[in-house]
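Q: From TrEMBL, for reference:
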| type | residues | note |
| --- | --- | --- |
| BINDING | ILE18, ILE19, GLN20, PHE21, GLY22, GLU23, GLY24, ASN25, PHE26, LEU27, ARG28, ALA29 | NAD(+) binding site |
| DOMAIN | 17-263 | domain 'Mannitol dehydrogenase N-terminal' |
| DOMAIN | 273-470 | domain 'Mannitol dehydrogenase C-terminal' |
Amino acid sequence: MKTLNRRDFPGAQYPDRIIQFGEGNFLRAFVDWQIDLLNEHTDLNAGIVVVRPIATDFPPSLNTQDGLYTTIIRGLNEQGEAVSDARLIRSVNREISAYADFDAFLRLAHNPEMRFVFSNTTEAGISYHAGDRFDDAPPVSYPAKLTRLLFERYQHFAGAADKGWVIIPCELIDYNGEALQALVLRYASEWELPQAFITWLTSANTFCSTLVDRIVTGYPRDEVAALEAQTGYKDAFLDTAEHFYLFVIQGPASLEAELRLDKLPLNVRIVDDIKPYKERKVAILNGAHTALVPVAFQAGIDTVGEAMNDAEICAFVEKAIYDEIIPVLDLPRDELVSFASAVTGRFRNPYIKHQLLSIALNGMTKYRTRILPQLLAGQKAHGALPPRLTFALAALIAFYRGERDGESYPVQDDADWISRYQTLWARHRDGQMSTRELVTAVLSVADHWQQDLSQIPGLVELVTADLDAILTCGMRDAVKPLC
């Protein structure tokens, strides 16, 4: 069986116009996949040079396959049909290491056609590293490397205003573009680079904050033989991902034409502010996950897909989304409904086995950030507490008993919460504490909730009633009236 390379698999090759910091699965099945589609269907004509941002030889370089690799995009489409699409990605031209060939790294700045910089260096990548110096070859942190590369471009083109870059980070931190720009400016100042360069940084370059959304499952180790039999070649960089994707870029409207998005309607939004889209994702996608986990797991279910195939649990989740979360969000309802429909389709994806216990990590913080804002907004808007979001809180408290059907399971959270729940549930089992007292003790931890939730009218009573029902009747019977 042949291995991928451009000699045996000839096809289009595009001029270097994009620098990408990061060679991982996510960018390859998200950004590079979209660029490949734009190259095929429009005149974007943009090749990618991947920069490996850390000093490692693992995984091997994409150069071993001349930058070629396959994405397999699969899941449920907008009509709820199972789909699987294999695509040979040609958008990546080559990979370089900033450590193995620093001069080649700097030469990227000399190319007048370079226009875009994408990155995913993990959440820790956009951070300050105190030891980074201008003369390092290269500096350690991604922001310092980028500062060095931008200064190289500034010098090479004598500060030309039309040689700035559009910088689009994909790291999962709030307002990642603003955070990256602040660090670049910090390094420029600390390294005592010319004020004219700092002015060029802010006037000629555009730093865009983003929201990225796609589950990328990466190299399909258990299926690779069958998938390579279908493609007809060996591919060490095979990359799998779900059908759904969303790319929200906070930047100038002109980006739509520059990226040729006006010629191919991908699920990319160029917006003035990503905040409403982030709130939508956190509230609907993440919030539904957080509401689902303790209910479904204590009903005897282990994965998200199994939960969505259970009529009662699915009804509980969908009613929570459509009746209690969407009505309090600040975006057009049709957009929210469309996004919610995509979310429930993603939850049903038969190709992804998403374990509920893995999503349960740090459940107390997740409830506070993902569900509590909608619970409080619902009470304010309607004068009543939303029953399913309230029930999810009771289910979460019950989950921290750490036992299902007589068998223990791992509960992973902040050490203070683990210790607190162990004490509370031990006292409850011994009859030293009523259910109401236990609920009050949890809701009154103001340092966690950023307020004393036990003072919200009716909340202790509702959560207590729900928790008593769970303890007395079991999760199945307790949740049934809300399905």
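Every residue gets a Cβ built from N, Cα and C, even glycine.
Automated prediction, rather than curation, is the source of TrEMBL annotations.
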Q: According to DSSP, collapsed to three classes, what secondary structure does GLN20 (NAD(+) binding site) have?
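A: In three-state terms, GLN20 (NAD(+) binding site) counts as strand.
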Q: Under 8 Å Cβ-Cβ from PHE26 (NAD(+) binding site), six or more apart in the same chain: what's there?
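A: ASN120, CYS170, VAL212, ARG214, VAL216 - these are the non-local Cβ neighbours of PHE26 (NAD(+) binding site), listed in sequence order.
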Q: Cβ neighbours within 10 Å, counted over all protein chains: which one of the binding-site residues GLY22, GLY24 has the most?
A: GLY22
Q: What are the non-local neighbours of GLN20 (NAD(+) binding site), defined as same-chain residues 6+ apart in sequence with CB under 8 A from its CB?
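A: LEU27, VAL31, ASP32, ILE48, VAL49, VAL50, VAL51, VAL92, VAL117, PHE118, SER119 - these are the non-local Cβ neighbours of GLN20 (NAD(+) binding site), listed in sequence order.
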Q: Does anything in the same chain, at least 6 positions from ARG28 (NAD(+) binding site), have a Cβ under 8 Å from its Cβ, and if so what?
A: TYR69, THR71, ILE89, VAL92, PHE237, ASP239
Q: Return the residues near ILE18 (NAD(+) binding site), defined as same-chain residues 6+ apart in sequence whose C-beta is under 8 angstroms from its C-beta, sorted by sequence, else 'none'.
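A: Non-local contacts for ILE18 (NAD(+) binding site): ILE35, ALA46, GLY47, ILE48, VAL49, MET114, ARG115, PHE116, VAL117, PHE118.
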Q: For PHE26 (NAD(+) binding site), which DSSP three-state class applies?
A: helix
